[in-house]
Amino acid sequence: MSCGDPGKPLNGYRTGNEFWAGNMIFYSCDPGYYLVGPSNRLCLENGAWSNSIPSCLHLCPEIVPPKNGYIVGHFLANNTLTFNCNPGYWFNGKRQMLCDPNTGRWRGWDGTITIENPQCKNVDECSTGHNTCNANAQCTDTIGSYTCRCNPGFQGDGQTCSMQGHYQDSQGWTLIARFSNNDDGNWMGDDASWWYTHTTPQGDVTSPGVNQDMISAAFWFLKGNNIKITRSDDPHHTALLQTTSNCFSTQTFRSMISSYGMFTHKTAWASDLCLGSCRVSYGGNYQTTNGFSQSQCGSNIQSSNYIGFWCDWDNGDGAVMMIGGGGSACKRADHGIAITEANEAAFSDSSQGECDFGNDAQGKVCTSTYSLNLWIK
């Protein structure tokens, strides 16, 4: 019994021309198409063909995976290819393409024909901020990744960086400087190098109890938000003064203090004002500590509960860091740290007097039995 002509798919062909019971025919597709359905049919004893006629659908051109990326999907009609990039790369182009069943061409979901293969571009994690480098490390972009390296003066893997040769107390405060009247007055040098340009640690940077001037690499390397001041003869490092609100906005102390200007070699740093200030709280033995005599006073230059930076009274005496009130009612401005009696407050070899810290610079009558430590956090 004959089963009759079984037909053939569009864009395909059939192999076999015997249509009697027991005979089998085979189907294939033209180049550029693929078979969907059975590839053969059998003529049954009842005169019917098994299965049904298959279809030949378009096969879209092979897409090469992007360099530094990969493809998910197939090249068959109505199938979607999804492009992905390896970590450290970003996608440039259409992320998905559809194999058009009518044309056998790739197109975007918006219907546009895709001609060029998408590319995976390198991500610059350093410029975008998408990296895990420490604040005290240098980020360097590489192809597909990045590296972190601790800045000079720090040690670690770049993601964690700790200061080399420094002292840190149990509360996370790092010692960055010490002001002593028991030595050569390094902080009052005419070139102001200890404030601005000195880049070699000086003095004992790991011992808060030493009564000598000191400057640590943390002074210009370590970023922080607040400072505190303690006495060298206090083993508990109790804060005599501590700033109370994000005073530095994550800066190093040097970047903060130098942001007001370069005041070297008799350059007056202010005129009857403080160029900057931060609110503070007091504690410990601050009332009996030299430099804190005006901590409860308020006048025209500054009120109590503040530490001022680059302060001057009426074109006269001043302080790099004036503690408490300043002005006519608060014994002018030469009280605190780095104080001078010179007219038009400046770094100069003034016979009128200057001290690393004290209540009054006149006559250089400043205590030398202890020093003041400066910390940052």
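Quick reminder: no glycine exception, Cβ is built from N, Cα and C everywhere.
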Taking Cys56 as one end of a disulfide recorded in TrEMBL, give the other end from among Cys29, Cys85, Cys99. Cys29
Please work out the mean pLDDT for the residues of the domain 'EGF-like' (122-162). 89
Provide the number of Cβ atoms within 10 Å of the Cβ of Cys56 (disulfide bond), excluding the reference atom itself. 22
I'd like the per-state residue tally for the domain 'Sushi' (1-58) from DSSP, helix first, then strand, then coil. 0 helix, 25 strand, 33 coil
Return the residues near Cys29 (disulfide bond) by Cβ distance under 8 Å, restricted to its own chain and a separation of at least 6 in sequence. Pro9, Asn11, Gly12, Tyr13, Leu35, Cys56
With DSSP as the yardstick, break the domain 'Sushi' (61-122) down into helix, strand and coil residue counts. 0 helix, 26 strand, 36 coil
